[in-house]
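Asks: Before I ask anything, here is the structure I am working with.
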C-alpha cells in the first residue's frame, strides 16, 4: 500500500487530521452507545437504529485507519493478500450496510411522523432486529462474490496498490487477466445500492414533508423538520462523497491519484466522525439522555 500517491513526503502532516478524526470516531460513537444503553428512555427503535449505525461506523473506521496510520508514521506498507481482501470486504460490506440502515432510519422517521400512534406497534423489537439482519445479509450477498472473484484473479508483480487501503478498484488494477466482470459487477452493485436506497429515502421524506406541511401547529412543524434534518445531514455526508469517489475512480483517470485517494479516505473517515456529533447536538433526547447519564 503506497498511502497517498505523490504525497508521501506529507504523510506525517496528513496523519494529524486522520488520527484526530479516528479518535473523534472512537470517542463519539462509544459515548453514543453508552448513553443509549444506560438510559432506558432511549430504548426506542430510532435509537436502536442509531446504535447499529454507531457500531457500523466503528467497524468501518477501525478496518482501515490503524493500518493507514502505520503507513503514515512507520512506513509499514506491506500487507498480505488475505489481509488486503479481508479489509476490502469489510470496508465495502459495511458501506452497503450503512446505506441500508439509512433507509431504515428514513422509514423510522416516516412511521414516527405519519403514524405516530402506531409507531411502537409497527416498529417492534423483532421488526427492528429483522431490519438490522436484512441489511447485514444484503451486504454479505452483494460483496461475497466480488471478493471471491478477485481472490481467483492472477495479480501482476510488483503488487503495489496505489491507495492507503485496499479499495476495490485500486486492487483490481493489479489483475493480469481480464477483470471486466469484477469491474462491471462492482459498478452495478454500487449504482444499484446508491440509486435504490436513495429512491426509498427520497420517497420516505417526500411523504414526511407532505405530512409535516399539513400540520396546523407551527411548533409541531418545526419539531418535525428538526427531527428529520439530522438524518438528512448524515445521508448527505455518506452518499455525496461516496458516489463522487466511485465514479471519479472509474471514469476520471486524468485526475491526480492523490485527489482520488483523499476523496475515498474522506468518504470513509468523515461520516463516522461527525455522525455522533450531528445526532448528539441536534437530537434533544440524546442531549437529555447524556445529561441524565452524567
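If you go along the chain as it appears here, the first residue is 1 and each next one adds 1.
A Cβ is built for glycine as well, from the same backbone N, Cα and C atoms used for every other residue.
Feature annotation from TrEMBL assigns domain 'G-protein coupled receptors family 1 profile' to 28-279. Here TrEMBL flags 12-35, 47-69, 89-107, 119-141, 192-213, 225-247, 259-281 as transmembrane segment.
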Asks: For the transmembrane segment (259-281), I need the partner stretch with the highest count of C-beta pairs below 8 angstroms, choosing only from 12-35, 119-141, 192-213.
Replies: 12-35
Asks: Go through the chain and flag residues at least 6 beyond the ends of the transmembrane segment (12-35) whose CB is under 8 A from any CB in it; none is fine as an answer.
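Replies: Beyond its ends, the transmembrane segment (12-35) has Cβ neighbours at 4, 42, 50-51, 54-55, 57-58, 61, 65, 68-69, 72-73, 265, 269-270, 272-273, 275-277, 279-280, 286, 289-290, 293.
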Asks: Please compute the mean pLDDT of the model over the domain 'G-protein coupled receptors family 1 profile' (28-279).
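Replies: Computed over the domain 'G-protein coupled receptors family 1 profile' (28-279), the mean pLDDT is 85 on the 0 to 100 scale.
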Asks: At a C-beta cut-off of under 8 Å, are there same-chain residues at least 6 beyond the transmembrane segment (192-213) that contact it? List them, or none.
Replies: 96, 99-100, 102-103, 106-107, 109-110, 113-114, 142, 221, 224-225, 228, 232, 235, 239, 242-243
